[in-house]
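Step one of this worksheet: look at the structure below.
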């Protein structure tokens, strides 16, 4: 009996297997590129689910043992916090923010004129103009601002997806483990637990940092005599969700408004920001970093810029959380399991307390 026509020879199997792997990897990269925004929304839903379940854990520790009740309270609490921030930004400070945005071109022109008086300031202005002129991130942020309706719809999708995932994480976890070879499932389960814990601690640290910086920035701008200091403080605090890039962008309206009020106010505002950043570096950040995975600052900065360039504004927004997941995943799946390295994990006292 003759052999099947399409059955490869034994010596060709390894070569064909490598071709199949290459095609599969190329197809996966193509899907990631074409569905980048969708993948960011999926990750946003996962991050939201972690926030919901972490808040539910607070209610369980407070004595509410029923999982459905504690999860419902956790979701309602998170939605209430989001609603309050939305109310402050759109209703309470909406007029101030709208005025700031309307006057932004004029304030930036005033700031440019003030800085251009000195050779160093003129060099800074030219460098900033050149950077913004060729910035993919700036272009995508502009397109994101233009599509406010799309942003609102995507935000709603993320919230609904987060509720579904938070309600029952079992199927998603089991699905990932079933897709993993049997001998690696224990390692994958441990990596998922570590990534989940790291995300919870990262969200907790971000909440503390955003609250502290809102108060510090608002108070310092009030002392400097800058108008709209409450709205600017809230904006500065919220910007801490995106490390480095967010605070730098949120500082521009404050400096622009201070420049429009005169040279003295601009000087005081710059001093205020220097003091705030020193307090953040010496006090806030060291206290927070004791409870999160330690990631080198330069790596954080370049990953955020890279995520913004590749995935657009959504990638820029979720870059910090993405880096935490990727960092822990590489550490657990590659360094610890594949290479056998004894790498540092999540801080043990925090881990034991959060378990």
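Note that Cβ sites are derived from N, Cα and C of the backbone, with glycine treated the same way.
Listed in TrEMBL for this protein:
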- 15-33: transmembrane segment (TRANSMEM)
- 39-59: transmembrane segment (TRANSMEM)
- 71-90: transmembrane segment (TRANSMEM)
- 144-167: transmembrane segment (TRANSMEM)
- 205-223: transmembrane segment (TRANSMEM)
- 229-253: transmembrane segment (TRANSMEM)
- 265-288: transmembrane segment (TRANSMEM)
- 300-328: transmembrane segment (TRANSMEM)
Proximity verdict for the transmembrane segment (71-90) and the transmembrane segment (15-33), three or more C-beta pairs under 8 Å: no
Contact call for the transmembrane segment (39-59) and the transmembrane segment (229-253): at least 3 Cβ pairs under 8 Å, seq gap 6+: no
